[in-house]
Amino acid sequence: MSAQTSDNNLVASPDEPDNPDAGALTNPEPVADPDPQLWQRKKKGPLAESLKAVAGFGVTFRNFFRPYVTEQYPFEKVPTQPRYHGRHQLNRYPDGLEKCVGCELCAWACPADAIYVEAAANTPEAQYSAGERYGRVYEINYLRCIFCGMCIEACPTRALTMSNDYEIWDDNREDLIFEKDRLLVPLNAGMLSTPHPMASGTSDMDYYNGSVTGATPDQIDWVASHRPQDASLVSAGKPAQEVKA
Ligand code: SF4
Ligand code: SF4
């Protein structure tokens, strides 16, 4: 016979005739104490005992005759693995608009509470990202960051990625809180500095799907009429090879 517990699990009854473990459930065999010799170290002979102190230097002596492996950092920098988790960067679309939409998912995903984001709405006169909102304030506290990469996994637009730069140091706490000016990637050749409108007739999904491949004439005209001195106008919309030449 089986009894039924409150959460519907069947429990073997000790009275059940065809249950071989019935007795074991009620009268478990006492477990014998383990052999006290089991974990005892074997006694060494008198010679080994007397050489114990010298044997401690065995690793040191062995390494005397091996080639040096000292890395000459910072004079010789060691390349990282391609997917090394280094300093973060905030990316842009090919026309220069920021990918970050200020959703704060990266900040929520961070186990070290190292990210602070404050979003603001884009307006027709000040459009910084391809979407409704952009990250007006974006900070990463490198005194807290453990470089786990959870934040970049959480980012829905691939705005946040990690570079291979591992030289993050300073002599004061304040400068180890990186703000947007140090996290946002510089403009690539052909990009237009923000703010400027999205490419006409496109949505944020077109940007996300890679349909926007560079600054359009409409965007260039808009920046030329609002900021005629903008340095990015010189190369905006031109292919990278043309800009380099
Ligand atoms: S790498 Fe990890 S600890 Fe650093 S900011 Fe991203 S989620 Fe936080
Ligand atoms: S970096 Fe990505 S996850 Fe973080 S606020 Fe910007 S869009 Fe959202």
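Using the three backbone atoms N, Cα and C, a Cβ is placed for every residue, glycine included.
Caution: TrEMBL annotation is automatic and unverified by curators.
For 1-38, the entry in TrEMBL reads region 'Disordered'. Annotation comment: TrEMBL describes 1-11 as compositional bias 'Polar residues'. What TrEMBL lists as domain '4Fe-4S ferredoxin-type' is 90-120, 136-165. Per TrEMBL, [4Fe-4S] cluster 1 binding site is recorded for Cys100, Cys103, Cys106, Cys155. The [4Fe-4S] cluster 2 binding site annotation in TrEMBL covers Cys110, Cys145, Cys148, Cys151.
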Where the criterion is a Cβ under 6 Å from an atom of ligand 1, which of the binding-site residues Cys106, Cys110, Cys151 meet it? Cys110, Cys151
DSSP secondary structure for Cys103 ([4Fe-4S] cluster 1 binding site), reduced to helix/strand/coil, please. coil
Across all protein chains shown, the binding-site residues Cys100, Cys103, Cys106, Cys110, Cys148 give the max Cβ-within-10 Å count at Cys100
Going by Cα-Cα distance, pick out whichever of the binding-site residues Cys110, Cys145, Cys148, Cys151 is nearest to Cys100 ([4Fe-4S] cluster 1 binding site). Cys151
Summarise the model's confidence over the domain '4Fe-4S ferredoxin-type' (90-120) as a mean pLDDT value. 97
Under 6 Å from ligand 2 by Cβ, which binding-site residues from Cys100, Cys110, Cys145, Cys148, Cys155? Cys100, Cys155
So which of the binding-site residues is most packed in, judged by how many other Cβ atoms lie within 10 Å of its Cβ, out of Cys145, Cys151, Cys155? Cys151
According to DSSP, how is the domain '4Fe-4S ferredoxin-type' (136-165) divided among helix, strand and coil residues? 5 helix, 9 strand, 16 coil
Could you round the CA separation between Cys155 ([4Fe-4S] cluster 1 binding site) and Cys110 ([4Fe-4S] cluster 2 binding site) to a whole angstrom and send it over? 11
Around the [4Fe-4S] cluster 2 site (Cys110, Cys145, Cys148, Cys151), what further same-chain residues have their C-beta within 8 angstroms of the site's C-beta centre? Cys106, Ala109, Pro111, Ala112, Ala114, Ile115, Ile140, Ile146, Phe147, Gly149, Met150
Binding-site residues near Cys106 ([4Fe-4S] cluster 1 binding site): from Cys145, Cys148, Cys151, Cα within 10 Å gives Cys151
Give me the Cα-Cα distance between Cys145 ([4Fe-4S] cluster 2 binding site) and Cys103 ([4Fe-4S] cluster 1 binding site), rounded to a whole Å. 19
Cβ-based neighbourhood (8 Å from the centroid) of the [4Fe-4S] cluster 1 site, residues Cys100, Cys103, Cys106, Cys155 excluded: Val101, Gly102, Glu104, Leu105, Val117, Gly135, Cys151, Ala154, Pro156, Thr157, Ala159, Leu160
Pairwise Cα distance for Cys110 ([4Fe-4S] cluster 2 binding site)/Cys103 ([4Fe-4S] cluster 1 binding site) [Å, integer]: 14
